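Written out below as structure tokens is the structure these notes cover.
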Amino acid sequence: MEGKWLLCLLLVLGTAAVEAHDGHDDDAIDIEDDLDDVIEEVEDSKSKSDASTPPSPKVTYKAPVPTGEVYFADSFDRGSLSGWILSKAKKDDTDDEIAKYDGKWEVDEMKETKLPGDKGLVLMSRAKHHAISAKLNKPFLFDTKPLIVQYEVNFQNGIECGGAYVKLLSKTAELSLDQFHDKTPYTIMFGPDKCGEDYKLHFIFRHKNPKTGVYEEKHAKRPDADLKTYFTDKKTHLYTLILNPDNSFEILVDQSVVNSGNLLNDMTPPVNPSREIEDPEDRKPEDWDERPKIADPDAVKPDDWDEDAPSKIPDEEATKPEGWLDDEPEYIPDPDAEKPEDWDEDMDGEWEAPQIANPKCESAPGCGVWQRPMIDNPNYKGKWKPPMIDNPNYQGIWKPRKIPNPDFFEDLEPFKMTPFSAIGLELWSMTSDIFFDNFIISGDRRVVDDWANDGWGLKKAADGAAEPGVVLQMLEAAEERPWLWVVYILTVALPVFLVILFCCSGKKQSNAMEYKKTDAPQPDVKDEEGKEEEKNKRDEEEEEEKLEEKQKSDAEEDGVTGSQDEEDSKPKAEEDEILNRSPRNRKPRRE
């Protein structure tokens, strides 16, 4: 029963695709109503057939609790910004109107939450600067433990231009969280960022030059994965950064690795400078020859080379077409044109009628003075140049010599970064309602994974429980991308229709074809199938009656004798002969 409804739904989908292609709005509305009715009927039939099946278990939210040592963890389920400090700073070199960090933050549930009671930190404003930060339980020191940073982001309204990255603020004596701004020193910046069609997942760390003490930003290579979906699907995604003491790093989204590498080899610019550099004082010698080819100095221009010959010459074989109007101009003043009333000859000059095509030239091959057409000059050679040969004095492309880099250093442990003591969000966004949740910083991978399972894992399970059926997902996708209707028809409805057509449309073999399989004489084939079957049935009954009478008479005439077997075999042979002539054997075989 359910299969029939699905088939009906596929047929309706095909109808909707055709109507959508025609572009009639009223018809499209009717089709949507039909689709809703069919979907409701399918759901009713499913509910009846699955009445004995227990409903899917409802996911109940419970705030995650760290299962081990953490430097920071916050699920925001207490419902307040306790522990977080809003910035009161102003951005430098910015107009006063937009220099303030006056963007609003709130702790609230997601607008379309599947987990009642699950709250998070929400960036509420658009086109404003936002800054908020919180102290760690204790500073993180880069020694023998890995660093694992993890948090969740949901772009509830999508994202036009803005970021959702975190900054791990360096431990300094000057650090004041209420003055947190864009130039506050940080150790690591990590998280998603997007503007236009540029989708990024930042991992930046500030490396201290051991010789000069100057900090320089080092950027990880761009991930190979396509990041667009994480910004557009309006789902909660889990971002994880793992830094190991052996300088390796991993970046994960939803617990799947999207980028990995080594701090020594996969950062731009590199952590360690080159041992040698080009000598800035070196200069190319004046006689240095970088020309790989030169003109042949021994080549001589041929005596018959005419450099003055034109590239085009008149075609001497051309003749003027008959009927050419030499005395008629190609264009004439428009006789119907009149000088505008506001024409001022002192200001505008003498008025002249606009030129139009001479109507007399329309029926003639041409007008005006006839000139021979130009053709390529077969004797044209152009300016003579000597051929090019290899330069015997070629010395290659000059490069300055290499000298030892006076600023060279070698840091083989870039993992040992500046300790940090706070986490902060310093963001500008053109989109509001960005949802953050379940921040955790730890040195234990197991603790972070448990936190993810108890937080993000519940969101994922709740989303799966509330996920619509396959049919509804197809309909929702087609609403966003109308061209999918055509795909549905070609990949689903059309093959199903062809299979049904193939299976249900049997084709009878004609009697004439069946008769080709035997040499026995056969009656003429009737045009009507019904008459043939009726005649066969009647002949069969007559033959059976004759056979019964024959057997009865034979039994009365012949007594029981010692040659009983011989007598019994005779009626049997006659019976076989009659059966061979019976119309039963002439009935066509059914497929």
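Each residue, glycine too, has its Cβ placed from N, Cα and C.
So that you can see what the record holds, here are the features copied from Swiss-Prot:
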- 324-347: compositional bias 'Acidic residues' (COMPBIAS)
- 555-568: compositional bias 'Acidic residues' (COMPBIAS)
- C503: S-palmitoyl cysteine (LIPID)
- C504: S-palmitoyl cysteine (LIPID)
- K138: N6-acetyllysine (MOD_RES)
- 279-291: repeat '1-1' (REPEAT)
- 296-308: repeat '1-2' (REPEAT)
- 315-327: repeat '1-3' (REPEAT)
- 334-346: repeat '1-4' (REPEAT)
- 349-359: repeat '2-1' (REPEAT)
- 368-378: repeat '2-2' (REPEAT)
- 382-392: repeat '2-3' (REPEAT)
- 396-406: repeat '2-4' (REPEAT)
- 21-482: topological domain 'Lumenal' (TOPO_DOM)
- 483-503: transmembrane segment (TRANSMEM)
Item to complete: Report, as a single number, how many Cβ atoms besides its own are within 10 Å of the Cβ of K138 (N6-acetyllysine).
Response: 11
Discussion item. Please list the DSSP helix, strand and coil residue counts for the repeat '1-4' (334-346).
Written reply: 2 helix, 0 strand, 11 coil
Response to the item:
The rounded CA-CA distance in Å from C504 (S-palmitoyl cysteine) to K138 (N6-acetyllysine) is 75
Worksheet item: How big is the Cα-to-Cα gap, in Å, between C503 (S-palmitoyl cysteine) and the residue listed as 'N6-acetyllysine'?
Response: 73
Item to complete: State the non-local partners of the repeat '2-1' (349-359) in its own chain: residues 6+ outside its ends, Cβ under 8 Å from one of its Cβ atoms.
Response: 328-335, 337, 339-340, 343, 367
Practice prompt. In three-state terms from DSSP, label K138 (N6-acetyllysine) for me.
Written response: strand
Response to the item:
Residues in the repeat '2-2' (368-378) per DSSP class, helix first, strand next, coil last, are 0 helix, 3 strand, 8 coil
